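Look at Swiss-Prot and you will find 8, 9, 10, 11, 12, 13, 35, 91, 92, 93, 115, 116, 117, 118 tagged as NAD(+) binding site, backed by sequence analysis. According to Swiss-Prot, the feature active site, proton donor/acceptor maps to 148, an assignment based on sequence analysis. Residues or ranges marked as (S)-2,3,4,5-tetrahydrodipicolinate binding site by Swiss-Prot on the basis of sequence analysis: 149, 158, 159. Annotation comment: Swiss-Prot describes 152 as active site, proton donor.
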């Protein structure tokens, strides 16, 4: 049994995590943090997420026995919440290098799982992308296309960047050396480039495609999230890991490799 507190409890992902926690017999939803002054302060978390009354109220701060903080907020809020000193699962995307450094510093004192995508399927596919990139070699051009709902703020997605890094590492390169974000103008494709493209529209939960273009064939790896529930369940899996881990910064790869 673990205790979790959800930061960003009134948001899309926060509500989904609250609901998943309330439906999981091995998880206690200890609390939910919402923005100071929000109309959701004091709201019942179960009613907020559509699961029925839970007897746990949303608040501006974590409760005394918060357990693991599950964080799906903004980069600014995520950094601010590090001051709680709680074990954490961070699914917030769009962190700057400076903000990530602050997360790394906080992880010296508490276990933190930092994962732009909590989906088990996506994280298993990263290894597939790396192996394909290595095995197919430089004769295959790599393009990554991701699509999300119109409200997503950061582009490209953190998951697209993870896939780009996996593809680049399969060829012994760093993504920063070979990435091209979108295309325009008049010029041929550069040798070894990895193109990354972002689409935004409608209510798309999340789609990622990695395409290896050869001269005589194409190989495509696709992941489609059909609902946010997959991310919520992955976050709770990461929370179980964080509850038992030593201080340090971890990824979903660490979570999956430790799970039976």
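Including glycine, each Cβ sits where the backbone N, Cα and C put it.
Computed from a predicted structure; not experimentally measured.
In the structure shown, across all protein chains, 148 is the one of the recorded positions 12, 148, 149, 152 with the greatest number of other Cβ atoms within 10 Å.
Same-chain residues with CB within 8 A of the center of the 149, 158, 159 CB atoms, the (S)-2,3,4,5-tetrahydrodipicolinate site residues themselves not counted, are 93, 116, 117, 146, 148, 152, 154, 157, 160, 206, 208. Residue 10 (NAD(+) binding site) carries neither a helix nor a strand DSSP state and counts as coil. A Cα-Cα distance of 23 Å separates residue 149 ((S)-2,3,4,5-tetrahydrodipicolinate binding site) from residue 35 (NAD(+) binding site). Every protein chain shown contributes to the tally, and the Cβ of residue 158 ((S)-2,3,4,5-tetrahydrodipicolinate binding site) ends up with 18 other Cβ atoms within 10 Å. Sequence-distant neighbours of residue 35 (NAD(+) binding site) (same chain, 6+ apart, CB under 8 A from its CB) are 10, 60, 77. Taking only the Cα positions, the spacing between residue 117 (NAD(+) binding site) and residue 158 ((S)-2,3,4,5-tetrahydrodipicolinate binding site) is 7 angstrom. For the pair residue 159 ((S)-2,3,4,5-tetrahydrodipicolinate binding site) and residue 115 (NAD(+) binding site), the C-alpha distance works out to 9 angstrom. On the backbone, the CA of residue 148 (active site, proton donor/acceptor) and the CA of residue 158 ((S)-2,3,4,5-tetrahydrodipicolinate binding site) stand 12 Å apart.
Cβ neighbour count for residue 159 ((S)-2,3,4,5-tetrahydrodipicolinate binding site) (all protein chains, 10 Å cutoff from its Cβ): 25.
Of all the binding-site residues listed (10, 115), 115 sits in the most crowded Cβ setting, with the most other Cβ atoms within 10 Å.
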